[in-house]
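Q: Supplied in structure tokens, the structure appears directly below.
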Amino acid sequence: VERPPVWLMRQAGRYMKSYQNLCEKYPLFRERSENVDLVVEISLQPWKVFKPDGVILFSDILTPLPGMNIPFDIVKGKGPVIYDPLRTAAAVNEVREFVPEEWVPYVGQALNLLRGEVKNEAAVLGFVGAPFTLASYCVEGGSSKNFSKIKRMAFAEPAILHNLLQKFTTSMANYIKYQADNGAQAVQIFDSWATELSPVDFEEFSLPYLKQIVDSVKETHPDLPLILYASGSGGLLERLPLTGVDVVSLDWTVDMAEGRKRLGSNIAVQGNVDPGVLFGSKEFITKRIYDTVQKAGSQGHVLNLGHGIKVGTPEENVAHFFEVAKGIRY
């Protein structure tokens, strides 16, 4: 390749005026993320303006939960709320395996439509939540500051947590395959909360399940690139390639050159510009892009942020980011 491909996490979303306008018309997040036409329209908003190399499905990692018998909602200003947190063996036994065709047909339809829209000008990306992160939401009842409930389960009743993690593992492997069968050309796995675990606990409660997902997907879809993103993963970096994923997405708290060294040469990287950089001057943004690309080298790098675009980011700065990125030549 002559330059690194580029897309941005949360490239569709609240920093865009076109998205804000849509939110006024459709105030409920679940409606915006579960209606085919809206999902396609929102996913394409950044594509129409910036022409990124990757167009990621507009969705949420919790979208499969109702299909697993776990009701949830996303409440404005509060984030995700799981109404009946899973805290007992009996509650976990009620969790069903996820059948995407039955519960989220709009995801498959949206991916197919996105492929038709972007043709071969960009890759269509799908995504799923990782088992430990999904379990964290479901046990905590939503987002958490200290993760004491999931850790109580992990350390006092590990068998219950392993049962839940296994259900999410089987379900997410199926969900990735479903997305690939409907047009996703790469899938990113978000394990946002795995970095709350110590390395030894990551090796028990996250790593084996991620590896199982990757192994299962590679059996049926050997050529589907899988990306793993876990924010704050500096303490776990060397362990991430053991999952078998093709790409590790680094957050900005790890220096790109050091991250590459620590990951080894057999794995591609994605990232890792600090999203806050997009509040800087255009010169500053340019400098940071070049810095990141130089440190990543010319092999196996997807340019991205180290986390999602922040609300309030000036759209013109995002436009500048893409312009500079697409002008790079190795």
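Including glycine, each Cβ sits where the backbone N, Cα and C put it.
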Q: With R10, Q11, A12, G13, R14, F29, S59, D60, Y137, H307 listed by Swiss-Prot as binding substrate, identify the candidate in S171, S192, S198, S265 belonging to that site.
A: S192
Q: Taking every protein chain in this structure into account, which of the binding-site residues R10, R14, H307 has the most other Cβ atoms within 10 Å of its Cβ?
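A: When each Cβ's neighbours within 10 Å are tallied, H307 tops the list.
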Q: Looking only at C-alpha atoms, tell me how far A12 (substrate binding site) is from D60 (site 'Transition state stabilizer'), rounded to the nearest Å.
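A: The Cα atom of A12 (substrate binding site) is 12 Å away from the Cα atom of D60 (site 'Transition state stabilizer').
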Q: Quick check for the class: what is the C-alpha distance, in angstrom and rounded, between R14 (substrate binding site) and D60 (site 'Transition state stabilizer')?
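A: Cα to Cα, R14 (substrate binding site) and D60 (site 'Transition state stabilizer') are separated by 14 Å.
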Q: What is the interatomic distance between the Cα atoms of D60 (site 'Transition state stabilizer') and H307 (substrate binding site), given in whole Å?
A: 15
